[in-house]
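This report refers to the structure that appears directly beneath it.
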Amino acid sequence: MEPEKLDMKTDGGGNDDTVYESAETLRPSTKQRQVEVEDHIPDDDRPLEEEEEGDAQPSGEALHQLATFLAALDMTIVTTALPTIVEHFNASESDYSWIGSAYLLASAASSPSWGKISDIFGRKPVLLVANVIFLIGSLICGVSKSAQMLIGGRVVQGLGGGGLLSMVNICIGDLFSMRERSMMYAVIGIVWAIAGAIGPIFGGLFTQYATWRWCFYINLPADGVALVSIFFFLRVETPKTPFFEGICGIDWLGSLTSAGGTVMFLLGLNYGGSSHPWDSAIVICLIVFGVVTWALFMLIQAKISRYPISPPWLFTSQRTLAPFLVCFIHGFNYTGMTYFLPLYFQTVLGATPILSGVYLFPLVVSVAIGSMAVGIIIRRTGRYRPPLWIGMGFFVLGLGLYIDLPYGHNWAKIIIYQGIAGLGSGPNFQAPLIALQSQIRPADIATATSTFAFTRNMGSAISVVIGGVIFQNVMQKKLPNIRDQLPADLYRQVSESSPGAMASIVRDLPKAESRAIQRVYKDSLKMVWVFFTAMCAVGFLCGFLIRKKSLDQKHKVTKTGLEAQKEAREERLREKREKKARKEGKQQSDVENGVVEKH
């Protein structure tokens, strides 16, 4: 049976603002039912059709949540265990930084490639591979005999974690209709928030009552269950792609330049102001060459790659660029908030690392409420723009209120401010992704979703660095004001050490000295909140650039495999030729009309 071709609209290739959606009627197999595909209509008032039952099994939802939880947990679980780990290995200051950042670095560098690899080999095999890599990395970390071995394990963990986070969102896109997936993404957002909050608590408890190695051992049984369950219960279409042919189809040049540019850029940010001055040659070269390599990557994607991992057309149309901007700014501000709030709790309020995680619970609860509420709204109404706008508005308000965070334990302000910020940030875990996926053809969802994950990772990495630079600059300007209130040795220690390292020392100081230092930290954090508020306001404005699109209740099956990639590429090239021909025909017609008018 020849697949029926439908002419539809979404974002095409190059600079094409015309939008297309590929649609095929698939022959049902033993594990795949026939799915009827419909046109998107850009009118939100279109009548809704009956929703078809998806192929997703309840176990599939739990698998996605567990995979996300493990990958997100490992971003923060080591933060409270790091001092003990460094002491155990007698590690250097450089090792201290690398143990914490290696996971994030590897996760960000690998995330763009996972989507296109899954387009070639199928979702299930690639998700299994990501789980195995994450499992191996966790085992290496748990049995590490040196700091260098632990750093290597964290890199392996990050490669697998980046795959888990990307593949979970891609699989949800394959298993659920546009409206249904809003609920699934809402749950993933909740899981992400919970993992980020309890990670430091778990790390502190394991370190205090067992051993720091359990920060990594805990992944082995949990990820083992996920691995076996995915193998037996996850039901998605898997193409029979020949291994070597599939390997040759991977965009290796694009993957290497993307990863290389990301690693150099993030290394430059990681070194700057810590192990090397910002104006040092190594920092400048890493950042500059990272940006140059990214530019080379985009050139490769546009001119050389047969199956690009991040096609340039994703960033040349307002339809797709606007969701990426909101994603970047949301990730930027959310990560900055969850990084500097615990710093406020520890340095200004004198909380321990474990207790600072408990203080974050109002934020976690409000994020969960906001995320779930928007998932329900999108599912019922099919509208994603109003929840996104309202969410970003509340997020701006919440971050602005953080400027007024008190010196002491004013619990009303601490809880209410976190509640407002959480209600605002919760909706924007899924709303920008739904907006992006609604504007592109199903065949491009994996590529766009993995690029979306990369965009969020970059926003997260950059935010902590820029926020830290602002904090340090303000602190260095204000420290001379309290020089006379501190002993010389203590003043030198405060000016040379990071606030996180000073938190436990400040708690044990006499009240007058600790209050003087805490006021400097509080005033420095105030300027950080001013910056994040301004950035969030930019994201709020970017939200109004997002286009309106109705969301289908019909589930669209995405065809994967190398043959499907070849067909999609040929279709895109044909569309570009047709657009060029239409443009040339219009120009010729204008010329002829001009000649007629002259006569």
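For all residues, glycine too, the Cβ spot is worked out from N, Cα and C.
What TrEMBL records for 1-10 (among others) is compositional bias 'Basic and acidic residues'.
What TrEMBL records for 1-60 (among others) is region 'Disordered'.
The compositional bias 'Basic and acidic residues' annotation in TrEMBL covers 33-45 (among others).
Residues or ranges marked as compositional bias 'Acidic residues' in TrEMBL: 46-55.
What TrEMBL lists as domain 'Major facilitator superfamily (MFS) profile' is 60-551. Taken together, the residues of the domain 'Major facilitator superfamily (MFS) profile' (60-551) have an average pLDDT of 87.
The transmembrane segment annotation in TrEMBL covers 126-145 (among others).
Annotated transmembrane segment per TrEMBL: 151-172 (among others), in sequence order. Only residues 6 or more beyond the boundaries of the transmembrane segment (151-172), in the same chain, are considered here, and those with a CB under 8 A from a CB of the stretch are 60, 64, 67-68, 70-72, 74-75, 95, 98-99, 102-111, 114-115, 118, 123, 126-127, 129-142, 144, 181, 184-185, 188, 216, 234, 236, 433, 445-446, 449-450, 452-453, 457.
Under the heading transmembrane segment, TrEMBL lists 184-210 (among others).
Same-chain residues lying 6+ beyond the ends of the transmembrane segment (216-234) with a Cβ under 8 Å from its Cβ atoms: 57, 59-60, 62-63, 66-67, 70, 74, 124, 127-128, 131-132, 134-135, 138-139, 141-142, 153, 157, 171, 202, 206. The transmembrane segment annotation in TrEMBL covers 216-234 (among others).
As annotated by TrEMBL, transmembrane segment applies to 246-269 (among others).
Within the same chain, residues 253-254, 257-258, 260-269, 271-272, 308, 310, 312 sit at least 6 positions outside the transmembrane segment (281-300) and bring their C-beta atoms closer than 8 Å to a C-beta of that stretch. Annotated transmembrane segment per TrEMBL: 281-300 (among others), in sequence order.
Here the transmembrane segment (321-345) has Cβ contacts under 8 Å with residues 196-197, 200, 314-315, 351, 353, 355-357, 359-360, 363, 388, 392, 395, 399, 402, 405, 418, 421, 425, 428-429, 432-433, 435-436, 439, 451-452, 455-464, 467, 471, 499-500, 503, 521-522, 525, 528-529, 532, 535-536, 538-539, 542-543, 545-547 of the same chain, all six or more residues outside its ends. Sequence annotations record features per position, and here TrEMBL assigns transmembrane segment to 321-345 (among others).
Long-range contacts of the transmembrane segment (357-378) within its own chain (CB-CB distance under 8 A, at least 6 residues past either end) are made by residues 80, 179, 182-187, 189-190, 193-194, 196-201, 204, 337-338, 341-342, 345, 349, 351, 384, 387, 391, 394, 414-415, 418-427, 429-431, 434, 551. Per TrEMBL, transmembrane segment is recorded for 357-378 (among others).
Annotated transmembrane segment per TrEMBL: 387-403 (among others), in sequence order. Only residues 6 or more beyond the boundaries of the transmembrane segment (387-403), in the same chain, are considered here, and those with a CB under 8 A from a CB of the stretch are 326, 330, 333, 337, 341, 370, 374, 377-378, 413, 416-428, 431-432, 435, 526, 529-530, 532-533, 536-537, 539-540, 543-544, 546.
Here TrEMBL flags 527-546 (among others) as transmembrane segment. If you look at the transmembrane segment (527-546), the same-chain residues 6 or more away from its ends with a CB under 8 A from one of its CBs are 318, 321-323, 325-326, 329-330, 332-333, 336-337, 340, 385, 388-389, 392-393, 395-396, 399-400, 402-403, 405, 432, 435, 463, 466-467, 470-471, 474.
Summarising the annotation, TrEMBL assigns region 'Disordered' to 556-599 (among others).
Same-chain neighbours of the transmembrane segment (184-210): 61, 64-65, 68-69, 72-81, 84, 168-169, 172, 175-176, 218, 338, 342, 352-354, 356-358, 360-361, 363-364, 367-368, 371-372, 374-376, 422, 426, 429-430, 433-434, counting only residues six or more beyond its ends whose CB sits under 8 Å from a CB of the stretch.
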